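Before we start, here is the structure in question, set down as structure tokens.
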Amino acid sequence: MEEDLFQLRQLPVVKFRRTGESTRSEDDAASGEHEVQIEGVRGGLEAVELDDGAAVPKEFANPTDDTFMVEDAVEAIGFGKFQWKLSVLTGLAWWGNTSWQVALLTSVVFVGMMSSSTLWGNISDQYGRKTGLKISVLWTLYYGILSAFAPVYSWILVLRGLVGFGIGGVPQSVTLYAEFLPMKARAKCILLIEVFWALGTVFEVILAVFVMPSLGWRWLLILSAVPLLLFAVLCFWLPESARYDVLSGNQEKAIATLKRIATENGAPMPLGKLIISRQEDRGRMKDLFTPHFRWTTLLLWFIWFSNAFSYYGLVLLTTELFQAGDVCSISSRKKAVEAKCSLACEYLSEEDYMDLLWTTLSEFPGVLVTLWIIDRLGRKKTMALCFAIFSFCSLLLSICVGRNVLTLLLFIARAFISGGFQAAYVYTPEVYPTATRALGLGTCSGMARVGALITPFIAQVMLESSVYLTLAVYSGCCLLAAVASCFLPIETKGRGLQESSHREWGQEMVGRGTHGAGVARSNSGSQE
């Protein structure tokens, strides 16, 4: 008996903060029904913090409290089979999104995305993440396939715009994805979705090489829809976010979802009663401009604008620079081109295509670098670093350098601007509460499309007047974005996701990774 008691004392105990009043009746308290007394063991157990990455023991999922939040459950259940399946499914959405953007990357698509991003965010906050995502995916799939049968050019433009309208809701897959991820895995998992984006780009290029010469563009559009079609079928497997269900007052559905995840992961559910923090006024634009979020929203809008403005600008500049050979050759090349018809197209050489491939592949090491630093430096510093390096590389492009150095600079710039984009995708869902998370991400995505719409006027029109002014615009914009990243008032590294917008930011658990005086602390307004 003494040996068993000694072993029991050695087991780690994870203590969750009591986040609400006890629901036990006086009779229960009097009878001691919920208390377990073991002879020889102290009545008050010490809360022992687990090491980073340590799993919650199954015997002690939530042993010292009678209530828990969704955040507690997600952390206790951890990362497992369910999250792996969700990762693949979310990746398919991004893969399909990439295919449509590569095939239909025109201004009318960005107009559709810009006009719909906020609407899809509002729908996802009001009626559920799964609902908004399913409708947007089915919309994109329907009009995407329909565009392959467009009889005339005007119909292609209309259908492209409708495809863009649907694509504006696909980023909400990140909202749903983030709400199922435990804290320590969240940044890494969202960043790795970029791999699917890159794979989708490769898939589309290979598809175009084999399909275009023999079957034509109509079959290219149809076959490009395959990843999105697969996602549309599989998304019916998706459960609704338990965080959304709690906020909408659907306690039973939230518990059923958490139990399903726990079963698939082979992990225990926390003991006690799930706390419901119902909020009817979800998805309101004015909640993005409360005193706690006003500066965050404005700064994020500029950061997302700068990200897309610079990313797509670099893509356009890469083609121009490769065709000219270097910056100093652009002016002389233009003088020769002026004598030709302005509508004539210049074809890329085999060397141009190889260099374009190398700069595109730079997104892979960009993700790896961001993956390595985002949990070390934090979200804000990671974004600032990515913008600063891009700004510096943009200035270096104004120097007359050889082809190899030019390719290297473009490689580094592309790697870090794509890394900054992914860091923004990590930070944005983390900083907003569940009640406005989808709307916050949607409005930021809309601002990114504004940047994508404007950038051709800089990368192509202004380039005709001054190469150096063009590079200075991109460098200056990203330098300001780096400063804006540093001035963001909230750092989300190591923080739980906030549920209700009626409480101050940070009134949720900080997480078990916080190193204090040997006690696991909570960030919900009180500490134990």
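Any Cβ shown, glycine's included, is placed from N, Cα and C.
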For the annotation transmembrane segment in TrEMBL, which listed range does it cover: 162-178, 315-331?
162-178
Should anything in the same chain at least six residues away from the transmembrane segment (162-178) have a Cβ under 8 Å from its Cβ atoms, list it; otherwise answer none.
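Sequence-remote neighbours of the transmembrane segment (162-178) are 86-87, 90, 93-94, 96-97, 100-101, 104, 108-117, 119-121, 123-124, 129-130, 132-133, 135-137, 139-144, 147, 186, 189-190, 193, 238, 241, 425, 429-430, 437-438, 441-442, 445-446, 449, 497.
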Would the transmembrane segment (135-156) count as touching the transmembrane segment (217-238), i.e. at least 3 C-beta pairs under 8 angstroms with sequence separation of 6+?
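The transmembrane segment (135-156) and the transmembrane segment (217-238): touching, yes.
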Need a quick answer: max count of Cβ pairs under 8 Å to the transmembrane segment (292-312), which of 135-156, 190-211, 471-490 is it?
471-490
Okay, the transmembrane segment (190-211) and the transmembrane segment (382-399): do they have at least three CB pairs under 8 Å, pairs separated by 6 or more?
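No, since the transmembrane segment (382-399) and the transmembrane segment (190-211) share fewer than 3 Cβ pairs closer than 8 Å, they do not count as touching.
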Hey, which bits of the same chain come close to the transmembrane segment (405-427), Cβ under 8 Å, at least six residues off its ends?
171, 174, 186-187, 190-191, 193-194, 300, 303-304, 307-308, 310-311, 314, 318, 321, 326, 355, 358-360, 362-363, 365-367, 369-370, 374, 379-380, 382-383, 385-387, 389-390, 393-394, 396-397, 444, 478, 481, 488, 492
